[in-house]
Amino acid sequence: MAQQSCFFPLRWESTGDQWWYASPIDWAAANGHYELVRELILLDANLLIKLTSLRRIRRLETVWDDDDGGARFAGVAKCRAAVARSLFHECEGKSQKNSLIRAGYGGWLLYTAASAGDVGFARRLLDKNPLLVFGEGEYGITDIFYAAARGKNSELFRLLLDFAVSPRCSTADDGSGGSAGDSDFRREVVNRAAHAAARGGSLEVLRELLEKCPDVLEFRDVQGCTVLHAASGCGQTEVVKYLVASFDMINARDNQGNTALHVASFRGHLSVVEALIAASPSLLLLKNDAGDTFLHMAAAGFRTPGFRRLDRQMELMKQLICGKIYRFKRNYQYQESRGEDHLSRGCD
């Protein structure tokens, strides 16, 4: 195997006291070796469960989505999609009933196609079963949208959204959908699509969705997070800059009183933290409902039980201790003290 085409994780991260590692089938799929994947599954059918696990895929995305604009992950996604497509074709029966979809792996197939931006494969899956857009098993519609956003293919994202809100996906006998809750359903689908676009960094799609919304703050998830919180939590700096420049939402809070700066600090996204502070230095002093500032959240990020890259959190802490973020705070406090001094003099 050529060294430059090897997508094996070289950076290991721990979850608590447990070390996590990529298995051989993960390695084979990430490099597009379908025959090897096929042989491994024939040796142990349980490896198919491991290959299609959303939890494992998210961990692999965390390891492989490096600081190079996602180019490395794009290569992995395309290789995994090629393997999934080959498995799909091999499981295609003469009656056009695919045994892989019948076994409940349709959600994984569509997620994999969306991650790679493979419009042709995604369309074929949706033509076979339009309801796959809502996911299957551990894969939900939000996961499918998120994969499409990461795939950076706006045409594919629009295709998925069209299928999700289309009457063809209705459970009504005439396919018309016609229930009184249709507008609420459509609103919820668009809301999830907007959050997924923000998290996945699909700025073009997010801009289109927000242009049709009279109030961008209406897009909130069950935790009360706005699309700015969503983008900040996933390190989507360009999306954050667009939202801050286009909408008055930088001080928006979620149900726990967290601003986008709290979320970015907790997740260790230095570039987002810098962008938010540069846009509104007053965020430095804001506290959430628990009384925590962004600095408390940055320190708390090391205690998260989830799988994540700790090198980013460490780099953020270094900058907080001795970097330019500290100078941001000093300059802001100096300006605030001067303003208070001028105000007190004016009152004398």
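Along the chain as shown, the residues are counted starting at 1.
Any Cβ shown, glycine's included, is placed from N, Cα and C.
As annotated by TrEMBL, repeat 'ANK' applies to 223-255, 256-288.
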Based on DSSP, tally up the residues of the repeat 'ANK' (256-288) by helix, strand and coil.
23 helix, 0 strand, 10 coil
Residue counts (helix, strand, coil, in that order) that DSSP gives for the repeat 'ANK' (223-255):
17 helix, 0 strand, 16 coil
